[in-house]
């Protein structure tokens, strides 16, 4: 706690020496994430004799000048104060600047009031770690104002002047580079509307630190809440808590004198005040603790009494100095087998000073470039070579080599300087095109903290090579030309602009003729991660002799068809420099079949397979023949349709299903006849449908499909006599006795019985009415 009832503000105009000593400098260190997010270690809870007030860990710079609001709800009242008064206008004054934040209260509700996500801030450029700018983010996830339900709370709520409750401020009132959470009012003449002791507050907050360049933040946030000691007359106890404590916190450090009550609930672990403390030592060790996060953020909370506040800073532990890496040599040829030696120096951190507690593990992780092969290493300290197995172990996985100091060595060698010398050599990959330098860093891991070394580089040096080739087909370069190849130039740095070395002479005469140097394939080249290669061309001119040539001609072997341009374009080039007596054979075309829109041209043969040169040129005539593409035959079809021949009657489905299938593939000029239905009479309950005829017996196909229409006619079924009530003719009774009992008689009897039942039913219904 930084303030409680009866305390005077620091730097107040009426501040005495006794009060100054009592208040002290309270460090509620809101720590920052120190290492790369790799794997979370299990929570370690330590309680020992470490004096938390003397920890020399890095504190980040938080102030009103680098703070900015990212988001703010309408319930938040923000204002700037110069020389604010503490609690009342009549209270002590702080001669400094303050950015103040209060919450607007619904005065119609004398009850708890909840504010979701009321405020989010950013602190820019709070410091540099590992050569990178760090920014901090503070987000109030939820602030709950708990109504005190006291006479003073009633009075404050009924006051027309009072309307808000303090919950957050930034200043150097209690401590530099820190922020304050609590419900103690800070006022001046223009802002004298903040309630006092009407509500106690609970603030759920997330603090986070990030590298400004957006790279993954390998820092582990440290919090150092101190002076958690306030207890008021309502038995409210000042409390600091952490959400998801067992997963998000890596280490908790307490002094043996600590008296905070630690409690676990479903979503938080809390440290609750049990007694008042004063002075830096007691506020840190009796009513304070230190926490290291598993990451670069921490979700914490603070609960006040009727009037109190706490100050928090953001920290990371120090792995200072960072590891130092050296390399020898700094330049090598880009060739296999070149030795490269690295020397890494680091210091074993001092627990209780650089770190919160003694480290349980120290590792130096070296990840070598793919172009290097690890050979061996040596570990030294104080001029003495350490022993593998006893003092350290080595693990190798691919290109990664890890040196792990043993727990026994760590325990007894705090602050020792350790030097690791790594021996490597380049492999075949270094001769492939790639980055111009072999870069390397080594990373120190202490528990879940890490610190990278400086980067060292070995520049690769490249070579300029030359090659001579013949520019005359069929002629190999003689040794006299090969001997003129310029020497290889070595140790050229990447980015160099190089030009080929010209041969010492550009013409070489032999018994057969003369070789002349023409040019290199390029005038210059910039070295870019690989050797450069220039190719010089020499051409041969034979000694003067009479030579002849073989020419070619293509002709059409299909009368009336001229060769298309696609065939003419395949005519082989002339064969030259043919001497008398030599045997010439024709050059075959590069393709022997050419397709055009009209058809296909096929190469058949030359007029002769060879000819002997005899004082003149020779000519070969090649014949191509044409095959026309067949024209597809157009065909037509016959379709059928059934219609009714009886007005007022629709064709039943039984008739429609007899419609014949279409006749297809009928050529022009062919005679088409309709397909007769599979049956020509269809009986239905109403009568009989009879197929009569098609509209035509045949039709000649003439460039279109043909259509036959078949007609069906309907004949109704005869109507049967169902009997009547008239008297039978004389003599009918005798005839009836002589006739057999038929269905008509039975039907009549059933009709009479039905009428009897219907009459009876009608009689019953009338009775009911």
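Placed from the backbone N, Cα and C atoms, the Cβ positions cover glycine too.
Per TrEMBL, the features are:
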type	residues	note
DOMAIN	42-316	domain 'Sgo0707 N-terminal'
DOMAIN	321-458	domain 'Sgo0707-like N2'
DOMAIN	462-541	domain 'SHIRT'
REGION	489-509	region 'Disordered'
COMPBIAS	491-508	compositional bias 'Polar residues'
DOMAIN	548-627	domain 'SHIRT'
COMPBIAS	575-594	compositional bias 'Polar residues'
REGION	575-596	region 'Disordered'
DOMAIN	635-715	domain 'SHIRT'
REGION	663-682	region 'Disordered'
REGION	717-739	region 'Disordered'
COMPBIAS	722-739	compositional bias 'Polar residues'
TRANSMEM	745-765	transmembrane segment
Next item on the list: Could you pull out which residues elsewhere in the chain have a CB under 8 Å from any CB of the region 'Disordered' (489-509), counting only those six or more residues past its ends?
Entry: 331, 333, 436-437, 459-464, 466, 468, 478, 480-481, 515-517, 520, 522-529, 532, 534, 536, 538
Item checked: Secondary structure content of the domain 'SHIRT' (462-541), with strand meaning DSSP E or B -> 4 helix, 39 strand, 37 coil
Margin query: Looking only at the region 'Disordered' (575-596), how are its residues distributed among DSSP helix, strand and coil?
Written below: 0 helix, 9 strand, 13 coil
Next item on the list: Determine how many residues of the region 'Disordered' (663-682) DSSP places in helix, in strand and in coil.
Entry: 0 helix, 9 strand, 11 coil
